[in-house]
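J.: Reproduced below are the annotations present in Swiss-Prot:
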BINDING   27-34, 53-57, 70-73, 136-139, 167-169  GTP binding site
BINDING   Ser34, Thr55  Mg(2+) binding site
DOMAIN    19-188  domain 'EngB-type G'
Amino acid sequence: MDAHFLKSASDLKDCPQDNIPEICFMGRSNVGKSSLINAFFKKKLAKTSATPGRTQLLNYFEYKDKRFVDLPGYGFAKINKNKKDFITNLLTQFLNFRSNLVGVVLIVDSGVVTVQDQEVVKIILQTGLNFLIVANKFDKLNQSERYFSLKNIANFLKVNFDKCVFASTKTHHNLALVHKKIFELFVEDER
């Protein structure tokens with residue numbers, strides 16, 4: 001894909017000021033957001049790190065007439081309280097007030113879905129945005145755990161099963177389906 005990094009923004013006023021539709025990627029720190037973005041575009045665009053909390057800005061990527069935004073992770077990032085509060089506020093403002101935003105890709109760890117993930121889903125549902133939940137790192141589950149895990153994730157997050165999909169950025173399993181479903185978020189917005 002001919003995608004490229006566009007810019008980083010520290011708040012909404014720094015975001016691109018136009019009408020190009022956007023999909024954002026969000027999830028807990030170290031869940032694999034940046035790795036999923038790189039796998040999605042089939043090139044290293046987003047910086048990855050073993051250290052949780054590296055992404056602390058809104059990072060914009062552009063592909064044709066669409067934009068994708070890598071949001072800072074929430075959760076256990078090793079950052080001070082002021083920075084955590086800033087990121088929480090930034091995420092809330094972005095989801096509620098970014099008019100270009102047409103969909104959310106929430107990445108969760110297929111082995112450990114948290115109450116924080118559940119709270120984020122509530123916010124997404126309140127916004128009325130289209131969304132997809134990607135259960136990443138599913139390569140760590142055995143075959144029998146996979147179906148039940150996805151069903152449990154959907155039940156725990158209180159969403160329809162068809163809004164969830166497994167993926168593995170490590171093995172690239174199911175990435176074609178993830179790719180298709182992400183682009184469907186743009187199409188759903190046009191209806």
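Even glycines carry a Cβ here, placed using N, Cα and C.
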J.: Helix, strand or coil: which one is Pro72 (GTP binding site) in, per DSSP?
T.: coil
J.: 10 Å Cβ neighbour count around Ala167 (GTP binding site)?
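T.: Neighbour count, Cβ to Cβ under the 10 Å cut-off: 27.
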J.: Do me a favour and check the Cα-Cα span between Pro72 (GTP binding site) and Ser34 (Mg(2+) binding site); whole Å is fine.
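T.: On Cα coordinates alone, these residues lie 10 Å apart.
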J.: Determine, to the nearest whole angstrom, how far the Cα atom of Ser34 (Mg(2+) binding site) is from the Cα atom of Ala167 (GTP binding site).
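T.: So the alpha carbons of Ser34 (Mg(2+) binding site) and Ala167 (GTP binding site) sit roughly 14 Å from each other.
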J.: Could you check the binding-site residues Lys33, Lys137 and say which one's CB has the most other CB atoms within 10 Å?
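T.: Neighbour-count leader: Lys33.
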J.: Does DSSP put Ala167 (GTP binding site) in a helix, in a strand, or in coil?
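T.: The residue in question, Ala167 (GTP binding site), is coil (DSSP, three-state).
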J.: Does DSSP give Lys137 (GTP binding site) helix, strand or coil?
T.: coil
J.: Using Cβ-Cβ distances, find the residues under 8 Å from Leu57 (GTP binding site) that belong to the same chain and are at least 6 apart in sequence, listing them in sequence order.
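T.: In sequence order, Ser8, Ala9, Ser10, Pro72 meet the Cβ cut-off.
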